[in-house]
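Peer 1: What follows is a single structure, and I will ask about it in a moment.
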Amino acid sequence: MNEKEIFDAMLQGFQLLSLMVAGALMVVGSPYGSQTQYQGMLAVDGKLAWILMELVSPLALLSLYAWPLLSIKHFAEYTFSDFLVCLWLVHYVHRAVIYPLRQPSRKPMHLGIMLSAVAFNMLNGYLNGRWLAQYAPEELQAKSMEFAWLHLNQVLWGLLLFVAGMAGNIYHDNILMNIRLCRKTKRGHSIYSVPQGGLFQVVSCPHFLCEIVEWFGFAVLSGSPAAWTFWLNVVCNLVPRAYFIHKWYQATFADYPQNRKAIVPYLL
Ligand SMILES: NC(=O)c1ccc[n+]([C@@H]2O[C@H](COP(=O)([O-])OP(=O)(O)OC[C@H]3O[C@@H](n4cnc5c(N)ncnc54)[C@H](OP(=O)(O)O)[C@@H]3O)[C@@H](O)[C@H]2O)c1
């Protein structure tokens, strides 16, 4: 087997694994944050666990695609692949560093959950980094602006969805942070209440919905099988989690708005 055949096999394995994980999550739930009470010896500080597991993704991608740290090019020399790497880094600098440091508190996480996220991020970073660095079609290695002009619709729609998804994700994450900020001082950590505002009026997990839109945009932009596989994985992770969080809200808060769905407005 050559490396490309191994790469393709890993990609297919990752797709299969994502579907199996979705099935498993529907059975066992998504046991971190509000969905668990675990406080045993294997509980890792919530913020530390989050930073460690999420940093793996940009590091894995960068180790295969070392451009941004290693070379300063003239603006006109950047390729479209370079641009996609930048978007990946923008997302993960926020997700792995800014987001957890801004959070008033995070529940401790079971070591096993953290390690499975590390393994996932390593595989995902490898597949996306290797595809961008090695297996992307030659036209993606063309100069950014040339590619953008040739594929204007793909680039505009992909970028719009990526930016709108990321902005929506941050906006709704902020609403959750503000709840914690207001109530933490009164009663300590992990106080939950019913979020209000934005798409929380229609779904329990708009931050997840926006994350799905964001990575859909990235997949459209790149057309990469690795990015589409990542998107599938995001859906397989976040839809079951949203389902359980939604059920938990309904069971926890007697006055929980009845018209709210879990993740897709008016539908699911
Ligand atoms: N790409 C992916 O596959 C993927 C996977 C997972 C997460 N993510 C993203 O990572 C971010 C965090 O995900 P998550 O699963 O941790 O989300 P989450 O369960 O909704 O929790 C987010 C944060 O808000 C707090 N929180 C949740 N509900 C609250 C409420 N009703 N009142 C007050 N505080 C509340 C949580 O505190 P506690 O920690 O104390 O519960 C946690 O710190 C999201 O933006 C998500 O889209 C992406």
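From the backbone N, Cα and C atoms, a Cβ is placed for every residue, glycine too.
Sharing the record's features from TrEMBL:
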type: DOMAIN; residues: 108-268; note: domain '3-oxo-5-alpha-steroid 4-dehydrogenase C-terminal'
type: TRANSMEM; residues: 6-28; note: transmembrane segment
type: TRANSMEM; residues: 48-67; note: transmembrane segment
type: TRANSMEM; residues: 109-127; note: transmembrane segment
type: TRANSMEM; residues: 147-171; note: transmembrane segment
Peer 1: Sequence-remote contacts (6 or more beyond its ends) of the transmembrane segment (109-127), Cβ cut-off under 8 Å?
Peer 2: 7, 10-11, 14, 31-32, 36, 38, 40, 42-44, 46, 49-50, 52-54, 56-61, 63-64, 226, 229-230, 233
Peer 1: For the transmembrane segment (48-67), could you work out the same-chain residues 6 or more beyond its ends whose Cβ comes under 8 Å from its Cβ atoms?
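Peer 2: Result: 81-82, 85, 88-89, 92-93, 95-97, 99-101, 106, 108-109, 111, 113-114, 117-118, 121-122, 124-126, 128-130, 132-134.
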